[in-house]
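Notes to accompany the following structure.
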């Protein structure tokens, strides 16, 4: 079935059932709870025609066989409730499409013996899929089922296999529902509004966003180099009362970043639409010249490229004498191979900085999540050595680095 035919799911089935005195329904749950028939829009306990004194429990035929198969303890409990073989019978049910769960429907219509539609992301009213090739003939059916079965879902999209812009947004195909990409998400006590077709948002990073917010000291300073629509910046300002400098190269992300600052009524947030390296060299450098005393944290969540931007810290304060330097902690993300993830991450960072990171300077090295069976997303949080900031700045080409995002593997952006 490649086009959804709801009538095909209409069928009559006979299921085991048991009649019990209405007053004993609660007590009998000790025995029958795990055997109850669980289907959508179908009550497992129903009235018995012609009487209010008795009710009927519908049982799952895959779980319940006969009374004799129950444990001795369960049979004793039923005897106490005056339930015996005469109370059991078969009940004919007329099932329809509305009674079946998503996984039951997909199991019935998708190719047998191959991976089904097992995962998706929800972003407000949008369901975001990344369908394998063998599921593409069924894409519209899958989209319609998800709209039918998930409350509040109005749009189902499938992403393309490659990013084809410099801004981490990707082309998507609407499989079912409305072509409406402006959505709202609630995360970490904040509301985020954005156009999902123009910006990057990954609901699977909610826990990591929360981890970083908890790491930030109250009233510290945050420089968010690749801020997106603000999942670090907005809660940092709202919950931790941080002074925030938030930047993103994508004009759409920058627009929604400003909008989310307004929606959440957060103060002390300055927004920028710059290349990441330019943002560090200009905004962080000028801030350090103010001789701040608060701890400074720098988030760099662009795992495909963020490590390459670490060289912007080299020579940031070259030739400048400061009485004291605040504590600067960098949180940088990257993709690494599973077999050598932790050593690879540290090597990448040290190579980009052209400087070793001592064990005592590492705050934590975290395996954020599995991107694929052999690829992990990691975060290294470390206190940047003053020697790096004071170095003579190397000769580098003054060019924007972020357009290298062009045609990155989309799987890497999840």
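Glycine is no exception: its Cβ is also placed from the backbone N, Cα and C atoms.
Because TrEMBL annotations are produced automatically, they should be read as predictions rather than curated entries.
Straight from TrEMBL, the features:
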- 120-386: domain 'SAM-dependent methyltransferase TRM5/TYW2-type' (DOMAIN)
- 209, 248, 249, 275, 276, 301: S-adenosyl-L-methionine binding site (BINDING)
- 393-414: region 'Disordered' (REGION)
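The structure, with features from TrEMBL marked on it.
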residue : record                               : contacts (Cβ under 8 Å, 6+ apart)
209     : S-adenosyl-L-methionine binding site : 187, 188, 231, 232, 235
248     : S-adenosyl-L-methionine binding site : 226, 227, 228, 254, 257, 272, 273
301     : S-adenosyl-L-methionine binding site : 205, 226, 228, 232, 331, 333
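Between the listed binding-site residues, namely 249, 275, 276, the fewest other CB atoms within 10 angstroms of a CB are found at 275. Within the set 209, 248, 249, 275, 276, 301 that the record links to S-adenosyl-L-methionine, no two Cα atoms are more than 22 Å apart, and one pair reaches that distance.
Looking at the domain 'SAM-dependent methyltransferase TRM5/TYW2-type' (120-386) alone, the prediction's average pLDDT is 93.
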